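The block underneath contains the structure these notes are about, expressed in structure tokens.
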């Protein structure tokens, strides 16, 4: 049984009832105690956690003098100092919970604490969660076959110093490698932009419309592979599927060395899209095993920053690789495809050894027999994550998503507004981006100048994206911050629509395009937004994939707005882009209003319920995800 609150109405259990309470806690199906502790927490929380939960409310009240009636049950003469000593003794290794960290302390670059609102690094970092409430703890116990169950311990306590050091270690061991893998993906899917500056189109007998078709087919196949790829990753495990994807697509990317004609070009784009689809949402799911929700958003910013770094590196490497034209009698773009594809193959093979399955599964052939984390570190990693999101204990990392759960996730209408944003938000940028190198070359810049001139916009893009992501996390405003790139684009698209770019200096056009495409990027914010508002592992897995499908759908739209009969001014195309821009602004504001309305409606219903009604509701709807009345959407 799950121990309930005291019948006194105070929400606490007096000391003279402690033995009876503890006996209830040790019953089969209840807390840890003799059984739960021996089984590593598989059947409930540990005995120490029982002490922590039992005295939770009493400690808070006795220390703040807020409830004289409750304190009188322990003796009217108990002082704050006595309460602290008693708490320390009975909490045993659990101890009191920590206060929330100051907001600035949540950021990646936050300085050490010590003054004012800064964090005391030696203070307890363990945050309050449902596992500290005896009425809720039993409903949120991880499933027995959860891969981290042996490290699950609600009584665990750690300091901010330990937590920050461990997060930095995860950043170095996990985040850094995922960024490098993303660089490999970006190089193999985007090097087509460098290849076209080396006469790939005329040498293969292709037109601009063929180039558009190839980009559309790539995006469509990428889109179609998103959900199947995510389902495979949930079955095999992210640590197996991602490296396998990389090896397979690297072989296709390298084989583009032998391209000849329209069919070969289109077929290679389709195969690349099929094999690369699902990579991004799978990585997002994988990172959620190691990071809390508020930490994931900024790391998505770093993740997409690595993509831009890959674009910069691709431009620089293209400068050298395209100079290989004539080596062996082959064009430079052929060597570009071959060499960059081989680099990805190496990354894919190394990924089999550098991607652990989860926080407690880090031993491996490139990670050592004992793995990356000590037992103490594993306890901190596991419990900080599940305290932040108890739903993460509801699925094994190699547990497939059933057809029923897949359908349930697809029909989650509360995520549809973000899907719609994903479909249209980047279209005003995607179209000019895909044509940037062709446009620059058409203005008279050489092949090598063109590839170098795209770098400034990418550097500006990195800086603005990181700033935007930090501001979003700091303010907690997803919609109102993610909308900023739409306003950024207005003056530049107006310039492209109404100014004859063939009559002004090519350097003026380049400057406009540099600032235009150096805009902030809201994609990392929206990926984190989906993850937060899903509130279950299966919805997070499927939702990330569906969102990315919508993004690829937007790429298809963007790839077909500039047409050959509209060149070179693309007046019609830029008019369409301005119209989409206006629609996007309305869409973001409507999404904000929708989530505010949903939260307010739930708040009214929740506040109208009695405590017993809430407890009954939570017991019957513990797995309802973002449909729970006590869940609030990020907006």
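From the backbone N, Cα and C atoms, a Cβ is placed for every residue, glycine too.
Per TrEMBL, the feature region 'Disordered' maps to 1-79.
According to TrEMBL, the compositional bias 'Gly residues' annotation covers 28-43.
The transmembrane segment annotation in TrEMBL covers 271-291 (among others).
The feature transmembrane segment is assigned by TrEMBL to 303-323 (among others).
The feature transmembrane segment is assigned by TrEMBL to 335-355 (among others). Long-range contacts of the transmembrane segment (335-355) within its own chain (CB-CB distance under 8 A, at least 6 residues past either end) are made by residues 177, 180-181, 184-185, 187-188, 191, 194-195, 198, 238-240, 242-247, 249-257, 259, 286, 314, 317-318, 321-322, 324-325, 327, 364-367.
Long-range Cβ contacts of the transmembrane segment (450-471) within its own chain (Cβ-Cβ under 8 Å, at least 6 residues beyond either end) map to 107, 194, 197, 297-298, 300-302, 304-305, 308-309, 311-312, 315-316, 318-319, 322, 436-437, 440-441, 481-482, 484-485, 510, 513-522, 524-525. According to TrEMBL, the transmembrane segment annotation covers 450-471 (among others).
Per TrEMBL, the feature transmembrane segment maps to 477-496 (among others).
Taken from TrEMBL, the feature transmembrane segment covers 508-530 (among others). Through the fold, the transmembrane segment (508-530) approaches residues 280, 284, 293, 296-297, 300-301, 303-304, 415, 418, 421-422, 425-426, 429, 432-433, 436, 439-440, 443, 445, 453, 456-461, 464-465, 467-469, 472, 478, 481-485, 488-489, 492-493, 495-496, 501, 540, 543-544, 547, 551, 634 of its own chain, all at least 6 residues removed from its boundaries and within a Cβ separation under 8 Å.
Under the heading transmembrane segment, TrEMBL lists 576-597 (among others).
Sequence-distant contacts of the transmembrane segment (303-323), counting only residues of its own chain at least 6 positions beyond either end whose CB sits under 8 Å from a CB of the stretch, comprise 175, 178-180, 182-187, 190-191, 194, 197-198, 283, 287, 332-333, 335-336, 339-340, 447-448, 451-452, 454-455, 458-459, 461-462, 465-466, 521, 523-524. For the transmembrane segment (477-496), same-chain residues at least 6 beyond its ends with a Cβ under 8 Å from one of its own Cβ atoms are 421, 425, 428-429, 432, 468, 471, 512-513, 515-516, 519-522, 525-526, 529, 570, 574, 577-578, 581, 584-585, 588-589, 591-592, 595, 634-635.
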